[in-house]
4 protein chains.
Amino acid sequence: MNTYGKQFRITTFGESHGAGIGVVIDGCPAGLPLDTAFIQQELDRRKPGQSKITTQRKEKDEFEILSGVFDGKTTGTPLTLMIWNEDAKSKDYAHIADQFRPSHADYTYTEKYGIRDYRGGGRSSARETAARVASGAVAKLLLHPLGIRIQAYVSQVGKVKLEKEYSQLDLSLTENNIVRCPEPAIAEEMIALIDATRKNGDSIGGVVTCVIKGTPAGWGEPVFDKLHAELGKAMLSINAVKGFEYGSGFAGVQMLGSEHNDAFYTEEGKVKTRTNYSGGIQGGISNGADIYFNVAFKPVATLMRDQESINEKGESVTVSGKGRHDPCVVPRAVPIVEGMAALVLADFYLRNATSKLR
Amino acid sequence: MNTYGKQFRITTFGESHGAGIGVVIDGCPAGLPLDTAFIQQELDRRKPGQSKITTQRKEKDEFEILSGVFDGKTTGTPLTLMIWNEDAKSKDYAHIADQFRPSHADYTYTEKYGIRDYRGGGRSSARETAARVASGAVAKLLLHPLGIRIQAYVSQVGKVKLEKEYSQLDLSLTENNIVRCPEPAIAEEMIALIDATRKNGDSIGGVVTCVIKGTPAGWGEPVFDKLHAELGKAMLSINAVKGFEYGSGFAGVQMLGSEHNDAFYTEEGKVKTRTNYSGGIQGGISNGADIYFNVAFKPVATLMRDQESINEKGESVTVSGKGRHDPCVVPRAVPIVEGMAALVLADFYLRNATSKLR
Amino acid sequence: MNTYGKQFRITTFGESHGAGIGVVIDGCPAGLPLDTAFIQQELDRRKPGQSKITTQRKEKDEFEILSGVFDGKTTGTPLTLMIWNEDAKSKDYAHIADQFRPSHADYTYTEKYGIRDYRGGGRSSARETAARVASGAVAKLLLHPLGIRIQAYVSQVGKVKLEKEYSQLDLSLTENNIVRCPEPAIAEEMIALIDATRKNGDSIGGVVTCVIKGTPAGWGEPVFDKLHAELGKAMLSINAVKGFEYGSGFAGVQMLGSEHNDAFYTEEGKVKTRTNYSGGIQGGISNGADIYFNVAFKPVATLMRDQESINEKGESVTVSGKGRHDPCVVPRAVPIVEGMAALVLADFYLRNATSKLR
Amino acid sequence: MNTYGKQFRITTFGESHGAGIGVVIDGCPAGLPLDTAFIQQELDRRKPGQSKITTQRKEKDEFEILSGVFDGKTTGTPLTLMIWNEDAKSKDYAHIADQFRPSHADYTYTEKYGIRDYRGGGRSSARETAARVASGAVAKLLLHPLGIRIQAYVSQVGKVKLEKEYSQLDLSLTENNIVRCPEPAIAEEMIALIDATRKNGDSIGGVVTCVIKGTPAGWGEPVFDKLHAELGKAMLSINAVKGFEYGSGFAGVQMLGSEHNDAFYTEEGKVKTRTNYSGGIQGGISNGADIYFNVAFKPVATLMRDQESINEKGESVTVSGKGRHDPCVVPRAVPIVEGMAALVLADFYLRNATSKLR
């Protein structure tokens, strides 16, 4: 199904080369002032053509409100945002109409549905993430008055890795460069690597790190819908994601419990932990400390070079590298990761309203 | 909520030290012969006290069928399995009734619910996973006639790592040793490390790798409920899990697209890929190749040594290391990972029944 | 939430006087040829201004496909239909901006949301049912190849009642008159009554009866989601509905079991019942016989005369009868009832695909 | 699926002649004192063998708490209640093992599942309603501190009808007689009619009326999940129910809008309506007035006399009238109707917590 969330619930629709991409947000409380400039600003962070290291496809990605707002505020009824398609050159795709591009969804969609919209990947296009960013921006507007701040940045491109942890960085510098890495020197290296990869008609992977500050203690559900399990699902649902880890993550498996346990103490009446290997989540529920996690993105499958593959009849074909695509998705993935994180938190915020008698 | 799955749906209930742990399975098709010996065998793989490197708490973990079976077959109505508690020494926990144990769920449950069952972790106890293994066994019985085989094993304990990939291993050897690592020499090292850690009153983390063979192409949903996103959520919902990666995973971020893309070819009329960095999933949907993934487990939080912490009033206390616990969860986590994977696949099997007109 | 259905699932959005009314259909199998002329024809049966006994508000109610169709067939991805608003005179409503109209949703929306879109009832407007008719038409297209036929008609207006049962009527005559009653003489009486009521600035209630032929035995769920329980909920969710009964209904309470029981017999290898007080549903599941039910509609709340009421401050006000409205909803409710019935059946059709091992 | 409710959610399981009947309540807020005596008292109102006009099957219907309670309060985790079966004489049913009893679920279950537990109706047995009464009692405990009172009574048996409306009755007299009708003289007539019907080996239908006082304004959802639509579904999901109407109901179709509209006025700062044809619900949302509705029950299908039918092979058979059954379900249906109403309201109570920014 194309729905995410239980109480702050989004349903996305639309294809890369159809009328556009839309999202229905159901469950947003009434009375929220809808800052449309902010939503547009978030969309601008994701939009194509924003720099030399992203796809050169030009779309303004402007959105229209189709329902749910009156006098500038949400009404509690479904809030629908639509991003119309503009630069949809369907003919760009005629040559791959019956081809299965390597590591794309062409083959699997055909197996599942018996039919697929081959234009630009159709529904499997990363263009669908515009709807996530738009609805994620609404979620951010809901969370903002609670003091919750969500900030993501690029921490790795190929082998170029930002070794510092988030707490050692000045995250306010993230948007200062086109790769969205808060350490200027590393950012330069990343940009150079992506640019070289692009010129080579190739693509490369990367990692986005996300930090959430200000989440109150007590959010999340104890068993299946653990806070980090939902964050993980949300991140893994983004195109090209191959892995998710939070807190100590994969590195934590090498630690001893006596090192890894986060000792509690009290400071000015507030419960704190001396370390934060838990990543702000214990037993699936937030403990008030910073939540942080990493998201691994593979190199995108579309290359500007020829590749061997097969067509729908199973015959060998050469897939040629036409079109306009990102050599590396992580710079544009930053607002997507933030948006999905906001959607997860907004949902738990509403779900938590009835956890106990008040 | 305590429910997982949309069509093959489980709801678990019960606490560590209450009457027992149970699970209601709703949506299992009628007519499935219920091999109770197999279900018990799976529960035995998870049960405590099975070797020197697991907790010495003794529970037989025998299950009872409360509903949903007639003449040895499922009836299509809710199938309820109950595992009664036996060795529930509540007094073991009186000393921590008002303490927040480090890196446990004590503090977060109190914040969320205002109340908690402190006996053995209550609902946050890993004992809840018995219900997952039991229902996962039913899911395996549903998948077995389709030729689907799910096998997990321990690939890392602390720094002791099995470097070979799954395809280089003889997975039939997995159950031959108490740590469940298919490479005997590495298994010995792992066992020694866990044993030494146990003697030291400490705990250590590890990685479980899981391989699924025989999944037909076309399972999974394209946007939010991608097959790997649901696998990720299911794994991250298991106690102590900190990370999930599938296919090329975190290592894949360093690759170029030209290396990472899995070229299609046809062999005897079947579509195959020359490599499998996709991990058997493309665009969120299975492509028929092996599905494989890694799950990172942190060192368990319960230690057999004193730790500094606070109580409910915020006062400093010393949490003493009593009770009986696992020094490393991964050996017993193997059937849990398999069970959750089976639940995910069973759900997608049923969900896929209506993807296209047939 | 604004979603109906579990597997054939619709989410509607939009207000009476906003951009328009839309619906996202999620879960429709891929490969269904989308007969757009048929969908428009169904919308035409509901549209305002179609006769002298309906509202004179003019809307063409033409729809646009925003997503989910490729080469004339559904793709399995969300199918979005949009009906743009045209004749939305917001100024018509300025005079009631702070008034609570009697028996409308003005007061309850204000209590629930703290805000409401007062233009034309906003989200509570019956205009929302256009989305139900459009998506119901898609459901009909899915059911049609299975031989399922859904036909509703007006069986009562005020005290003018069609005493014959559905099996005594020629339902092909239903669309021959503007009130949609298959008995011409009774239809004339109904039309005269509605017309007189309209001229009097008043409104009047009525009953729509619906018959479903061709449902296979075995559809429905046994406990909460009984086939008739879902039909009941679907009908009661239509604006102005006050009651639902199926089969023998309220009259059945006066019968003895020996009269009411439907005796089984076999004819040409097919299981049949000698009577059909069960209304084609036993234990919540279809038995293959005709399904039939009645839906009671109250007189609509908007009158063309002055009424006493209060405003948001609790002060007495006179609500004046402006605007253009239906004096009786049942003629236009016929396609809405059919559409909702189609949505219920389409959902159970898909849900039933996995009831047993096949 | 065997689940009802979105936030106060119950999942029932169990068969008439298996281990017992159970219910998992998920979403009940933590901290609710669980008055077990009250729950048992409600179960006693439903239990068989309570008077000469109910089935003579003897079951104590005592319940056991399997999970979710600590120190007498709910913990926010799943609350599981189990009612073990005692008097389950499976041999009573051997003679109908391959027969399709008229107007029972035997045939439809077989069509749906290909298998059925024929003992006592298995899952289709009205014994399942014990789980609804038990969980409904918990819902009542949640609603009670809010001042909400739910009271049902028998208003019709066969042709014996209580003509007075609820507001003219002293509902405190309801439990004073075995048929649960608050008007003693009518109650006598009803009892006599049921007793005569029983002696004749026959059964008869009836109506239960339910009144809910004290619901705050603003509960319910505007489109599909209207408060009365959920009440309708909940009631129609009870065994043997054929119809539901609320407020003016079917009688309202004969009224003019000018009669039917409920005029608002203000009294001591509170919004009230001069009449209540709306039944306390406008636009699907409560307006603070009394909610009232009628539920029609057919005569039960099990008769103490021979009936013609067929078996699984389609051959003619005589179904003989053995066993112990109710000649009329409405006396025991009173607590079931109340319980389901409580479940609906508890769910909307929790759902409403996030309707607007607070």
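Counting starts with 1 at the first residue shown.
Glycine too: its Cβ is placed from the backbone N, Cα and C atoms.
TrEMBL entries are annotated by machine, without manual review.
Among the candidates A:ARG274, A:ARG324, the one that TrEMBL lists alongside A:ARG123, A:SER124, A:SER125, A:ASN239, A:ALA240, A:GLY283, A:LYS298, A:PRO299, A:VAL300, A:ALA301, A:THR302 as binding FMN is A:ARG324. The highest number of surrounding Cβ atoms within 10 Å, among the binding-site residues A:ARG46, A:LYS52, A:ARG123, A:LYS298, is found at A:ARG123. Comparing local CB density within 10 A for the binding-site residues A:SER125, A:THR302, the maximum falls on A:THR302. Applying an under-8 Å Cβ distance to chain B, the binding-site residues A:ARG46, A:ARG123, A:LYS298 reduce to A:ARG123, A:LYS298. In sequence order, the binding-site residues from A:ARG46, A:ARG123, A:ALA240, A:VAL300 that place a Cβ under 8 angstroms from a chain C Cβ are A:ARG123.
Note on A:ALA240 (FMN binding site): other Cβ atoms within 10 Å of its Cβ, all shown chains, come to 22.
The two recorded residues A:LYS298 (FMN binding site) and A:ARG46 (NADP(+) binding site) have their Cα atoms spaced 18 Å from each other. With respect to their backbone Cα atoms, A:ARG46 (NADP(+) binding site) and A:VAL300 (FMN binding site) stand 16 Å from each other.
When the Cα positions of A:ARG123, A:SER124, A:SER125, A:ASN239, A:ALA240, A:GLY283, A:LYS298, A:PRO299, A:VAL300, A:ALA301, A:THR302, A:ARG324 are compared pair by pair, the longest gap among these FMN-binding residues is 44 Å. Under the DSSP three-state reduction, A:ARG46 (NADP(+) binding site) is assigned to helix. In this structure, the C-alpha atom of A:VAL300 (FMN binding site) lies 17 angstrom from that of A:LYS52 (NADP(+) binding site). When the C-alpha distances from A:LYS52 (NADP(+) binding site) to the binding-site residues A:ARG123, A:SER125, A:ALA240, A:THR302 are tabulated, the minimum falls on A:THR302.
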